[in-house]
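Novice: The structure that follows is given in the form of structure tokens.
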Amino acid sequence: MSYLGKVYSLVKQENFDGFLKSAGLSDDKIQALVSDKPTQKMEANGDSYSITSTGIGGERTVSFKSGVEFDDVIGAGESVKSMYTVDGNVVTHVVKGDAGVATFKKEYNGDDLVVTITSSNWDGVARRYYKA
């Protein structure tokens, strides 16, 4: 898990605006999120993990255990159920909320991170590419 402790910064994205539209966000919010250049870092502490992300909303740290669902709050304060599963260099985050189920599959490969985003209420696929 050589990716632990590295800070990954967004370098490009594909179809992220389509995913945001499917989630019902306003055009202004979509533009702000698409223009943002977030970072993220994952760390381990025993059998727990934390992901710290920085971006348009400031800094946010989420702590979790692999495979354990928990109550979470995202975006504009929406309460959801989240579950992260860590499997080697792949971290899958499933979010269940009123707007459906979204899956964020994070694949780490050295200094590269590709996040593939799908949703139960959208036929598209979005990708966000990060570099450490």
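Glycine is treated like the rest: Cβ placed from N, Cα and C.
As listed in Swiss-Prot for this protein:
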type    : residues                      : note
MOD_RES : Ser2                          : N-acetylserine
BINDING : Gln40, Arg128, Tyr129, Tyr130 : hexadecanoate binding site
Novice: Between the Cα atoms of Tyr129 (hexadecanoate binding site) and Ser2 (N-acetylserine), find the distance and write it as a whole number of Å.
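Specialist: That comes out at 18 Å between the alpha carbons.
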Novice: Using a Cβ cut-off under 8 Å and a sequence separation of 6 or more, which residues in the same chain sit near Ser2 (N-acetylserine)?
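Specialist: Once residues fewer than 6 apart are set aside, Ser2 (N-acetylserine) is near Tyr108, Gly110.
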Novice: May I ask which residues of the same chain, at least 6 positions away in sequence, place their Cβ under 8 angstroms from the Cβ of Tyr130 (hexadecanoate binding site)?
Specialist: Tyr8, Ser9, Leu10, Val11, Thr39, Gln40, Asp112, Leu113, Val114, Val115
Novice: Can you check which residue among the binding-site residues Arg128, Tyr129 has the largest number of Cβ atoms within 10 Å of its own?
Specialist: Arg128
Novice: I need the neighbours of the hexadecanoate site defined by Gln40, Arg128, Tyr129, Tyr130. Which other residues of that chain put their C-beta within 8 angstroms of the C-beta centroid, in sequence order?
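Specialist: Nearby residues not in the site list: Tyr8, Ser9, Leu10, Val11, Gln13, Pro38, Leu113, Val114, Val115, Lys131.
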Novice: Measure the Cβ-based neighbour count of Gln40 (hexadecanoate binding site), defined as the other Cβ atoms within 10 Å of its Cβ.
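Specialist: A count of 20.
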Novice: For Arg128 (hexadecanoate binding site), what is the secondary structure state per DSSP, taken as helix, strand or coil?
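Specialist: The three-state answer is strand.
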Novice: If H, G and I count as helix, E and B as strand, and all else as coil, what does DSSP give for Gln40 (hexadecanoate binding site)?
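Specialist: SS state of Gln40 (hexadecanoate binding site) = strand.
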